[in-house]
Amino acid sequence: MKMHLQRALVVLALLNLATVSLSLSTCTTLDFGHIKKKRVEAIRGQILSKLRLTSPPEPSVMTHVPYQVLALYNSTRELLEEMHGEREEGCTQETSESEYYAKEIHKFDMIQGLAEHNELAVCPKGITSKVFRFNVSSVEKNGTNLFRAEFRVLRVPNPSSKRTEQRIELFQILRPDEHIAKQRYIGGKNLPTRGTAEWLSFDVTDTVREWLLRRESNLGLEISIHCPCHTFQPNGDILENVHEVMEIKFKGVDNEDDHGRGDLGRLKKQKDHHNPHLILMMIPPHRLDSPGQGGQRKKRALDTNYCFRNLEENCCVRPLYIDFRQDLGWKWVHEPKGYYANFCSGPCPYLRSSDTTHSTVLGLYNTLNPEASASPCCVPQDLEPLTILYYVGRTPKVEQLSNMVVKSCKCS
């Protein structure tokens, strides 16, 4: 009993000491020059490791990047930004070990055809639904290594719409059979019919994986209005034989008039960039020879929104821009020219700033046993991927590198 009382008094004394010395931390604060040097070397190793390269490729002799390659790079970067925003809202993070290695990016535009080829015959053509077909056979041999697939379509305003909002639903088209449904539901969205243009993204990973494994199952995707072929009165009653019209319009599908002058070929390429397309992230087989380095990450805490706007002295994310040419001496990366890698820095005060009871216990235990373990340090918590465009010889490549941008930090 006496021993327990002595331990309790020691803990209380330590708590009081920690309250007085809130800025105490055994993690040494490094100068910026030293931090940047270490961060640059870490990034150099990370990029080469994720690409499974032992040394940087030779700079390409190509000075002009084709428009289609730049369009793929821009689409991928926009998609990753959207995906990160969705994960933040849902407080979810990917945990697959395959997340570590770089992914090859493939873009497949919708197969263009006559108007009736993009519509279904269940309801009057062009009124209630649109069909989108894609040829992904070129990556079938690597189908089992699909990491993620996104269907993207650009909604454009419809000034002549009679309603301000309409619900659309995305389906995978299945082979007709009397025992199964013709469609498989993927997702739905309530959208404005007017307003400004916006990209819509749907996760179609499972659907595309099925297409890659069984080519005959690739019958396309369909966007239709909710409860097609009926119009509803304000009280909810159905008006038979009166069809609700799809008033949501999509770029590259609804035959909008694009009047313009100049080089028609250039205009066509620019319009193709906004047409419906699939973006596939594939893991090359040679990058799956050894296990990745993925892991769980918790919800963001000390992020860029807070740290970049406040003069926080304790643990926070700090801005750090890496220029590929100046800092790494690399000329083989065409896009981007550099990026904000950022880093975590600042002391981790006991009790007040530690975000978990675990960190507090570590601090107290370290005071009791200074030789036994390390105290909490400021480390990355949430990281974002980076998209790069580079050449191997004359072959352009667009790839996604995971966990390259520090977005938030924590004491651990």
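Here the Cβ of each residue, glycine as well, is placed from N, Cα and C on the backbone.
According to Swiss-Prot, C307 forms a disulfide bond with C316, chosen from C315, C316. Among the candidates C344, C348, C377, the disulfide partner that Swiss-Prot records for C409 is C344. The disulfide bond recorded by Swiss-Prot for C411 reaches one of C229, C348; that cysteine is C348.
If you go by Swiss-Prot, C315 shares a disulfide bond with C378, out of C229, C378. Neighbour density at the Cβ, taken as the number of other Cβ atoms within 10 Å, is lowest among the disulfide-bonded residues C307, C348, C378, C409, C411 for C307. Cα-Cα distance from C307 (disulfide bond) to N135 (N-linked glycosylation site): 45 Å (rounded to the nearest whole number). C316 (disulfide bond) is 6 Å away from C344 (disulfide bond) when you measure Cα to Cα. C316 (disulfide bond): 22 other CB atoms within 10 A of its CB, across all protein chains. C315 (disulfide bond) has its Cα within 10 Å of the Cα of these recorded positions: C411, taken from N74, N135, N142, C411. The two recorded residues, N74 (N-linked glycosylation site) and C409 (disulfide bond), have Cα atoms 28 Å apart. Between the C-alpha atoms of N142 (N-linked glycosylation site) and C316 (disulfide bond), the distance comes to 41 Å.
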